[in-house]
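Participant: Mind having a look at this structure? Questions to follow.
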């Protein structure tokens, strides 16, 4: 059994790797990711997944429902880390699968794959707690800079974490972005990771998130038409039912973190596409283990007995 297969087995038991193993894994991943396009081409059949947010046991549930990688070809649309209790194990497992089966799993960047955001929403603190230094956080956030910004399935389905940008009319314009950097505060790259579709907006609107834009149905129609795509698949927004179509099925939100933050009570979904791009949503609930909330603390030693 190779080192990598052993590490994958270990991560599937939610046991983190050593710091030196993380460093080596990230270096291997970098070599693979640097070759990918800003608009990564993906073949069907493929299963599309939305936000995971460090909910490791729920991701294990996702693999139970959707099948193991590499048997199933997966596309994860970002936000692997933050908010959940197991961002380290979640991200490292996905990264190890990417290194082991590069053609069977595609990882695109979400707005939480950023140094600034992870210092606020949990991943940085988790790395510090589990490793005693920020080195692992640094190795992982360096990898974030290499991740693709979007993907296109069979030239027909455009997949992105957040949404569209007023600076982007065509997929070719996305291809020209220099992605190997921290997510900027504004501009095309920021918008792709931060924007949201909104019913009550026609055209473009200001986003309450403070980054990206709100965009309406007419924007989606013209983007899809210009790029000859059938619809957009994206994540980024909690959907209580696990998925949600908008604008006459021109865009779909897929959300893959059930009982988000261990308290929202939502279901999650993944979108399975067969070789002819026929769609099947698989809806699933939180894993039993994870519905209990935070990981059990090891009992404190009984010094006083």
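Cβ atoms are placed via backbone N, Cα and C, with glycine included.
According to Swiss-Prot:
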type     : residues          : note
ACT_SITE : 112               : active site, proton donor
BINDING  : 51, 53, 79        : Mn(2+) 1 binding site
BINDING  : 79, 111, 161, 236 : Mn(2+) 2 binding site
Participant: Name the residues of the same chain, 6+ apart in sequence, whose Cβ is under 8 Å from the Cβ of residue 51 (Mn(2+) 1 binding site)?
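Facilitator: Residues satisfying the criterion: 77, 78, 79, 110, 235, 236, 255, 256, 257.
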Participant: What is the separation, in Å, between the Cα atoms of residue 161 (Mn(2+) 2 binding site) and the residue listed as 'active site, proton donor'?
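Facilitator: The separation of the Cα atoms works out to 10 Å.
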Participant: How big is the gap, in Å, between the Cα of residue 53 (Mn(2+) 1 binding site) and that of the residue listed as 'active site, proton donor', rounded to a whole number?
Facilitator: 9
Participant: For residue 111 (Mn(2+) 2 binding site), which residues in the same chain are close in space, meaning a Cβ under 8 Å from its Cβ, but six or more apart along the sequence?
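Facilitator: Listed in sequence order: 78, 79, 117, 161, 162, 183, 193, 194, 211, 212, 236.
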Participant: What are the other residues, in sequence order, whose C-beta lies within 8 angstroms of the center of the C-beta atoms of 51, 53, 79 at the Mn(2+) 1 site?
Facilitator: 50, 52, 54, 78, 80, 81, 82, 83, 110, 112, 235, 256, 257
Participant: Secondary structure at residue 112 (active site, proton donor) (DSSP, helix/strand/coil)?
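Facilitator: Its secondary structure by DSSP: coil.
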Participant: Mind giving me a neighbour count for residue 112 (active site, proton donor)? Other Cβ atoms within 10 Å of its Cβ, every protein chain shown.
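Facilitator: Taking every protein chain into account, the count is 27.
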Participant: With a radius of 8 angstroms around the mean position of the C-beta atoms of 79, 111, 161, 236, what other residues of the same chain does the Mn(2+) 2 site pick up?
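Facilitator: After dropping the recorded site residues, what remains is 51, 77, 78, 110, 112, 162, 193, 194, 235.
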Participant: What is the total of other Cβ atoms whose distance to the Cβ of residue 79 (Mn(2+) 1 binding site) is within 10 Å?
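Facilitator: Taking every protein chain into account, the count is 26.
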Participant: Across all chains shown, how many C-beta atoms besides its own are within 10 angstroms of the C-beta of residue 53 (Mn(2+) 1 binding site)?
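Facilitator: Step by step: centre on the Cβ of residue 53 (Mn(2+) 1 binding site), count other Cβ atoms within 10 Å, giving 27.
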